[in-house]
Amino acid sequence: SDDNDVAAEMMSGLIALAIDSCCSDSDCNANHPDMCS
């Protein structure tokens, strides 16, 4: 279960990075307004 926790933390970290890079891109931000507040 520890391995699963680490994998989940890594995934959420990668998702957060992807969302940040998306929200700093005007086209991606416009396509995903629900992710970018």
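In case you wondered, yes, glycine gets a Cβ from its N, Cα and C as well.
If you look up Swiss-Prot, you'll see C22-C28, C23-C36 marked as disulfide bond, on the strength of similarity to another entry.
DSSP assigns C36 (disulfide bond) to coil, not to a helix or a strand. Cβ contacts within 10 Å of C23 (disulfide bond), excluding its own Cβ and spanning all protein chains shown: 15. The secondary structure of C22 (disulfide bond), as reduced to three states from DSSP, is helical. In this structure, the C-alpha atom of C28 (disulfide bond) lies 9 angstrom from that of C36 (disulfide bond). DSSP assigns C28 (disulfide bond) to a helical segment in the three-state reduction. Its Cβ placed at the centre, C36 (disulfide bond) has 15 other Cβ atoms within 10 Å. The separation of C36 (disulfide bond) from C22 (disulfide bond), Cα to Cα, is 8 Å. Just so you know, the Cβ of C28 (disulfide bond) picks up 15 other Cβ atoms within 10 Å once every protein chain is counted.
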